[in-house]
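Enquirer: This structure is in structure tokens; I'll ask about it shortly.
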């Protein structure tokens, strides 16, 4: 049995006037330690899937099984990174990265030291007593990564975490996130509309159709590309080949 | 090297400009202050206005000095100040707690919505006579007046701010498995501090209104009592004196709220 299984999941949003089938019959499975991407045009229900996996919303139909347990409601097993850092501006960096530990009653000297060590690894230990507004966008997103990893979640959900950054910062952060996740052997799902990012970072790409979102095609990224850092991957000859392939499929979807 | 010297002197020039501008502002503020009291004094002396009704700054000042020497004014000031601060705190805290309850139960907030509108529209001072009969002509009913006048508007403003909290902060907390109470404590409340502070500023003024009206009705002691007493015996110097004292203390309270504001939301 796979580490994470999304089984026949469909979700409908109801409002007074309307009902929207956001995603339909989504099936996918991920092995432990894999990095997969969900790629698709905006409005393909990418965020809906992440919200379901995180337990923030209950799917209308179907279920999600993480590590042999069906997900019901929010839980400590998943870490969620949003498009923007959403660090709490009234908390210092240190208070921000301890937030998850505090909420789950795991805050003690040991976990504190571990989290601070992680902050140090990100090259940010000097800002621990500063407030988020004093930091640049890239630094804040790195702090956000530390905050997410602090509780040691089994699965990381990345909701376009690089989309609000400038290109240079984005490339650097892709490498950092990639290496950090590999170091801690984390399983991750990345949601993105950036083809290059998806190819450079993942083991596998699920291409989604638009409204209702469903898996259109799966691209396996060869190991020689998946094993190297995103920056190196972008310069690999295979990268362009896959890019063209994905691009053609995306074009087809628009017709 | 040359450019550095230029920057230095330009910066000094800029600082000089700021200082000059600041002096100008203070000068005109003082000018208005002095002109107001001078004009009042002259108008009263030359009988441009009825000196019996409008009194004059010198008469008010003499009365104040007299009252301070006799020591009678202090009990009135402290009573009113105590009632106002208590009414202000009760009104603000009760309003915030009510807002929290509404946030906690969306069902309750839907049910209570029209009643809040009605209560907000109602002129609260009109409740004064009922309060005095119900709670007795004591300090309790005056404090109740000071509180009741601000509680509904506080509830509405703070509740609106609770609801406008960026849902992504909640999402971050929920992704850690946070409970509803944790969401409230970590995100909803702190992100609403600016709104709460701005209602504090409004409530300072409202509580003075409530307390002064309460003292009008109960008429035993306090600055509101002095105003109504001065009116009844046609001593408008006493009315003006009490009014000036109220203005001074209301301003001090407002300034204290500003200090609290700076302490609470310095990091945004």
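Heads up, residue numbers simply count up from 1 along the chain you see.
Yeah, the Cβs are placed from backbone N, Cα and C, and that goes for glycine too.
These came from TrEMBL, pasted as-is:
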- B:24-40: transmembrane segment (TRANSMEM)
- B:73-257: domain 'ABC transmembrane type-1' (DOMAIN)
- B:85-104: transmembrane segment (TRANSMEM)
- B:116-135: transmembrane segment (TRANSMEM)
- B:142-162: transmembrane segment (TRANSMEM)
- B:226-254: transmembrane segment (TRANSMEM)
Enquirer: Near the transmembrane segment (B:142-162), which same-chain residues lie under 8 Å Cβ to Cβ, leaving out any that are not at least 6 residues past its ends?
Expert: 83-84, 86-88, 90-92, 94-96, 98-100, 102-103, 109, 116, 119-120, 124-125, 127-128, 131, 135, 188, 191-192, 194-196, 198-199, 202-203, 206-211, 213-215, 218, 222
Enquirer: Quick test of the contact rule: Cβ under 8 Å, at least six residues beyond the ends. What residues does that give for the transmembrane segment (B:85-104)?
Expert: 112, 142-156, 158-159, 162-163, 180, 184, 188, 196, 199-200, 203-204, 206-207, 210-211, 253
Enquirer: Apart from its near flanks, which chain residues at least 6 from the ends of the transmembrane segment (B:226-254) lie with a Cβ under 8 angstroms of it?
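Expert: Apart from its flanks, the transmembrane segment (B:226-254) reaches 52-55, 59-60, 63-64, 67, 73, 76-77, 80-81, 84-85, 88, 201, 204-205, 208, 212, 215-216, 219.
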